[in-house]
Amino acid sequence: MSHILLTRRKLVLLLRVFWVVILLYGEIGVFYKHIRQCKWPTKGHLDEEAVRVAIIADPQIVDHYSYDQTGLLLKVVEFFTDIYMRKSYIILQQQQQKPETVVFLGDLMDGGREWDDKAWLSEYQRFLLLFRNRNPSNTRVYYMAGNHDIGIGNTVVESALIRFHEYVGPTNQVLHIGGHEIVLLDTLTLESDSASVNSSSRSLVELLRMNNEQEHSKPRILFSHVPLWRPPDTPCGPLRQHPKPLLNRRGYQFRDQLFQNTTEYILEAIQPVAIFSGDDHDTCTVTHTIDSSGRAVPEYTIGAFGWASGVPIASYGLLTLYPASDANEPEFALQNCFLPYQLGIYKAYAWAFLTLDYFAFSKLHKRVMYNPPHIEAVSGSYIIEFEDDDIHRHSNNLNTMSSVSVHKKLKGFNGAIVAAAKHITPELIADSPGVKRVWPNPQAMQEFGLDGTGIKVCIIDSGVDYNHPELGACWKTEGCPWQLGYDFLGDEYRGEGTPLKPSDFPMDCLGHGTHVSGIIAGRGPQVHGVAPGATFGMYRVYSCPVNGSSYTDGSILMQAAEAAYNDGCNVINVSIGLIGWSEDAFGVYLSSLVEKGVNVVAAVGNDGANGIQTASAPAVSHNLISVGSVDNWNDTGNATTISTPAGERTVRISERGRNDVEFIFPPNTPVVLFEDDDGGYTGCNPTDADFTGSVVVVNRSDCPSETQGENVQSQGGIGMIVINNVPGFTVMGLTENTTIPAVTVRSEDGEFIINGLRQGDSTLVANFNITTTVGSPTAGLMSNFSSFGPSPELDLVPLISAPGANMWSTVPLNQGSYRSSSGTSLSSPYIAGCVALLRQRFPEMTSQQISHILVTSATPLIDQKNSLKVNPYHSGSGLVNIYNAVRSRVFIDPPYISINQTRWSQPSNIDSQGVRTISYSLNFTNTDVEKSVSVMLTHQPATSYTMYDQQGNYASSFLENEIMRIWPPDNRSVDQSTVPQAYLPNAIQYVRPGQTVNFVVGIILPFGLPESEHWFYGGFLNFTTLFDNETAIDYYVVPYGGYNGNYSAADMLAPASTGFPRFLDDEDNEIKDITSYKLGSSKMAKLAFILNTPTPYFYATVLDSDDNRINNNEERERVSRNLLFSTPNYTAFTVNVNVTNEEANSTEPNLSEGYRLLLAILRPFGNRENDDDYVFWKSDLFTLDDNT
């Protein structure tokens, strides 16, 4: 019996060996044989200057558009067709004579034109894995678009065309290879009637026609995806596998041949000497005739590279180009090469599969999936995927194994997480019945060992309640996280004239600093900080609030920054700022600290409602990491329980209003509706209703929340609930005049409250220390309050974004211990914590290198209105991706591009057609010491913003709800000229370990957007990386932004139609007629004007009757533009008519007719000494009171 068993085992072993031999030959050997037998063609001699070009037509990788099947059959076909093409391409590249150039003739994917962006990117990554360039230093690869990629003629899908340009490359190119001019012509768009589609192709054809007239010196070879027209039944030659010649069928988004008139137009205009095409999937050789010259032109149609394309045997072309001496005499040789007959291979070893026992066969399907080498795994922990959904039975099987236990069942995944002893290998687990795949469990962020340990993170803010248990409950004791910091002013500081009385401890009485601290340093259980293991410092620079206001000044801020630097802080967080300039003193000092090795993180500001150029200083200062805000995914915060006849509900409420009064009431406080005379519930008009002792509910309306609060308060109301009319919450803009607490609730909760109150008496059951968590409808979107860049000097700000809306964090114990708040003040510490993790991960890097990695590792956000990327002037490089950053093995410099400003970037060039372009170079470094990386650079445009209407008028009133226009306004297809485009000549490179390469970038500004409308545009340069012998693809970005036009010629003053500039009296009432208004000691006047664009400098001077200057009335530096929603929304100064000798001319002023006021505003980047760089405004004549 044992002898028989041994014989059977030998037989099975022999069968397996025999099958392996067949398999190796069928899967590898036959491919080497076929490809190596196909030699590079020659013209009877070899030439060292000859260039070898491989031509690949119609890979058309299989997807569910290929077949109706979407299940297992499709997966099987995808797998075997993919591996066929991948093997063929690998061996083709590894021949003894490798191709120097590869041209793909289109139809890269089968359903490419039909995919949405997410699905297309997935399939495109699959294509790149199949056709990876393994010799990037020696082989250039060019891609043409096919009808399966973008459509054809009037069925071209414009979004697919734009996407192809952004990710793959241009569809029209002229190459100079091997002494020939190679024209890659997009004949698909050439046949379109749409100018926005066909402009590039037609322009190229006409350009080539012009070159013909100048007698170009090189033979011109045309490459087209679709074959040119030929008469019916034209024979195709002996190599064609199909019995019929190339047909002339037409259908939706396909065509066997170009139209006859298109063919004649191409031949006459381009005058090619040869043509190469694809699309037909089979070989075909025909001859065309150019009518004007009678010259014969051969066309070679190359067969499809895949074996599932309708022809039995796949093929490709080898083209050898020799230097040519005559433009009409090409020097080339072509060889059609055929790949193995794949179905025959499968038939050959099908019987070998059938003779193997099921057990041996099934072992081949046990898969252990290993992580990339740079991802560490949790020791003894594995993620298991089962073959079916019987998780309970399979888990029991694993639990019966010695030293293996199931920790958690994963129902949605049909799997489990198991723990195993060290001697249990993943292969042993894979052998367990029912197990499909096994993964070593990758470590999460803190399992990387990253929690900020060893990094000093310092916060310049209002102080910290260091007694809070989640912040350590200690101050500068051994083992305490708070080891650094000071109080610089004390509780009672009220600004100038008030003495500084710093205490020994930076205790927080405002709450802001404690909330910021929790986001970085929180230790749980409620608040988990980003870097809780760091050593922290608090530098208190705000006093206790009085009437809602807290105080500090510039000198205090400077002292705090200096102390933080002297204490050795590695990271400084500054959640402080006002709209300003990079040259402001505090920002300049912080910028100098970055150059000394400190990372400074600053909030970009909360003035997003006022539109463009609202970023705060010091965030706009150079080298600082400026941070915008993204709405949080979950909204945890204060809640109140309301009981109505319709039921009881605990509803999430916003943070308290800006009058800083807590929303706390006794149990069973009555809740009532504010009923308007017209049946509404706005509370905008006074009422006779008695609200004594009640919390009053109103709808958010057009009237200010302050008005609603005063109307409720005047009738005895003790609190106000405002039902929001947009998703999420808003903070009530209440002042000290309103002493009652006020909060907002979400619209969906508001419907429940109103319906319940209509049915009868209702009460607040409880609302003290109640919290709840709800999903945010705006999760992952840019917060509407987050300020916009650019800086006044066009620097790109913010640089990155992080969660900042609805952030649940710590507050002082006497303020309730926890609170949800919103603002870029809270996204800034999130980034500061991320920087601490990066400094711990890369201790050898400089502060600016850390900043580079953080910025380039982010994930750009999608604009919900048009599906483009959010403009970097709002989001920076996108949402922080710390996981991507800590794993980074690349370094990109610069990390962002600011166009049209002179500090970091040259201004754009403008050609004779009015098209502005700019060239730039990016350095890409592979920091991996062992592996090379394949890199592809692509481009994606972002939305554009303006605050002007289509007539070029400043947008102070043309939009009621949105202060800015956005382009594109929706998902419509747009002319590419209205979005920025990029020229990427060396977009694909292979970078060896430690090597730095240079990528050249040409950005074409959106010349289709009128410069009179003052658009700010932007986009992203995307780096896709794949390291050798890895399957994980990583993405990095370089954002850019600019002004569409000449920023130095931008409008400075609001137009006269706004009523500005105007004179105001001492009560800020407009002086209607300055000519009759007599200034005097009791009648002062001010000049008020609105700046549409920030100015580096302005001055005002009084003129006499002859326009001679008699004084220097006013001058200011670095003045930001005026905000439409601020009070006041203008800039003003007092008029002073006193004659100043230094300013007067040598002659006496002529005051016979009175005075004028001259206002001079310097344009951006202007020269103060050059009058041409100013915008001037001059008033009408005015006079003085006779008694003055």
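Glycine residues also receive a Cβ, built from the backbone N, Cα and C atoms like all the rest.
Per TrEMBL, the feature active site, charge relay system maps to D461, H512, S825. Per TrEMBL, the feature domain 'Calcineurin-like phosphoesterase' maps to 52-281. Residues annotated as domain 'Peptidase S8/S53' in TrEMBL: 452-862. Residues annotated as domain 'PA' in TrEMBL: 670-751. The transmembrane segment annotation in TrEMBL covers 12-32.
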C-alpha spacing of S825 (active site, charge relay system) relative to H512 (active site, charge relay system), in angstrom = 9
Key: Stretch-averaged pLDDT - the domain 'Peptidase S8/S53' (452-862)   = 90
Key: Alpha-carbon distance [D461 (active site, charge relay system); S825 (active site, charge relay system)] in Å   = 10
Ask   = Quick one: DSSP breakdown of the domain 'PA' (670-751) into helix, strand and coil?
value = 15 helix, 18 strand, 49 coil
Inquiry  = I'd like the Cβ neighbour count for H512 (active site, charge relay system), meaning other Cβ atoms within 10 Å of its Cβ, all protein chains included.
reply    = 22
Key: Packing count at D461 (active site, charge relay system) (other Cβ atoms within 10 Å of its Cβ)   = 27
Note = Within 10 angstroms of the C-beta of S825 (active site, charge relay system), the count of other C-beta atoms across all shown chains comes to 27
